[in-house]
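Copied over from Swiss-Prot, here are the features:
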type	residues	note
BINDING	His63, Asp102, Glu213	divalent metal cation 1 binding site
BINDING	His64, His209, Glu213	divalent metal cation 2 binding site
Amino acid sequence: MALVKEVLEVLNRLSPFELQESWDNSGLNVGSGNSEFSQIIACLEITLQIALNAQENALIITHHPLIFKPLKTLNDEAYPGNILKILIQKNISVISMHTNFDKTHLNKHFARALLRFDGLIEKGLMLVKENANIEFDVLLEKIKLSLGVGQLACVKSSQMIKDLAFVCGSGASMFSSLKAQSCLITGDVKYHDAMIAQSLGISLIDATHYYSERGFALIVAEILHSFNYLVTIENFKNPLQII
């Protein structure tokens with residue numbers, strides 16, 4: 001069997017962990033680089049069910065770090081201790097590819113492959129399309145069609161949108177670097193973000209955290225397949241539902 005550190009080295013070459021934000025926790029979160037693994041699983045998030053279904057000695061590659069904030073206690077009756085207990089008992093290793101992967105792969109997938117926009121400029125965690133000159137209503141319908149959803153929360157501050165900005169995941173706080181008549185497409189838009197953006201003449205479209213990043217597992221699987229690794233993709237439904 002192959003070693004965890006061999007996969008870690010491949011991932012680091014393609015999406016260097018040093019690119020992650022200072023507050024992030026990408027890299028080997030659980031296990032040892034010298035461990036052998038029985039299978040590779042790629043997922044957006046490690047859920048309790050994914051941990052239960054995984055083989056012993058598996059390697060799970062996830063987008064969101066299971067261990068994100070420093071742990072003061074490890075309570076197996078609370079999150080994330082309930083999942084960590086299973087992983088440790090089954091000798092499962094976990095690699096997280098978070099903000100480093102946003103910069104190198106996932107944001108491009110969100111804006112280009114999923115939403116089908118081109119001519120994009122990289123600005124930190126954002127991808128920007130200048131002089132898009134598109135009507136807000138047309139833009140909103142295009143995004144809903146691309147995501148396959150009927151409704152999206154949004155802030156319509158102007159009918160004509162000059163510049164577009166894309167941030168997969170939770171990027172609503174980044175609108176402060178934009179100008180009036182811009183539109184930021186991201187996830188996790190909060191009430192106060194919406195109020196401030198509206199006052200500045202900036203539009204927002206909440207494509208949701210889930211939909212903007214759900215391509216993660218497939219991208220990782222395709223990358224590792226090119227290095228002759230077999231990867232099982234574990235998908236799950238968005239836990240937030242509109243009823």
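Every residue, even glycine, has its Cβ placed from backbone N, Cα and C.
Feature annotations (Swiss-Prot) mapped to structure.
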residue	record	DSSP (3 states)
His63	divalent metal cation 1 binding site	coil
Asp102	divalent metal cation 1 binding site	helix
His209	divalent metal cation 2 binding site	helix
Quick check for the class: what is the C-alpha distance, in angstrom and rounded, between Glu213 (divalent metal cation 1 binding site) and His64 (divalent metal cation 2 binding site)?
10
May I ask which residues of the same chain, at least 6 positions away in sequence, place their Cβ under 8 angstroms from the Cβ of His209 (divalent metal cation 2 binding site)?
Gly169, Ser170, Gly187, Asp188
Given the binding-site residues Asp102, Glu213, which one's Cβ is surrounded by the fewest other Cβ atoms within 10 Å?
Glu213
Run through the Cβ atoms and count how many others sit within 10 Å of the one on His63 (divalent metal cation 1 binding site).
26
Between Asp102 (divalent metal cation 1 binding site) and His64 (divalent metal cation 2 binding site), what is the CA-CA distance rounded to a whole number of Å?
11
Write out, in the order they occur in the sequence, the residues of the chain not among His63, Asp102, Glu213 that have a C-beta within 8 Å of the mean position of the C-beta atoms of the recorded divalent metal cation 1 site.
Leu44, His64, Met97, His98, Phe101, Leu106, Cys168, Gly169, Ser212, Phe216
If I restrict to non-local contacts, at least six residues apart, and a C-beta distance under 8 angstroms, what lies near His64 (divalent metal cation 2 binding site) in its own chain?
Leu44, Glu45, Ile46, Ser96, His98
Using the Cβ centroid of His64, His209, Glu213 as the reference point for the divalent metal cation 2 site, which residues of the same chain not in that list have Cβ within 8 Å?
Leu44, Glu45, His63, Cys168, Gly169, Ser170, Gly187, Tyr210, Ser212, Phe216
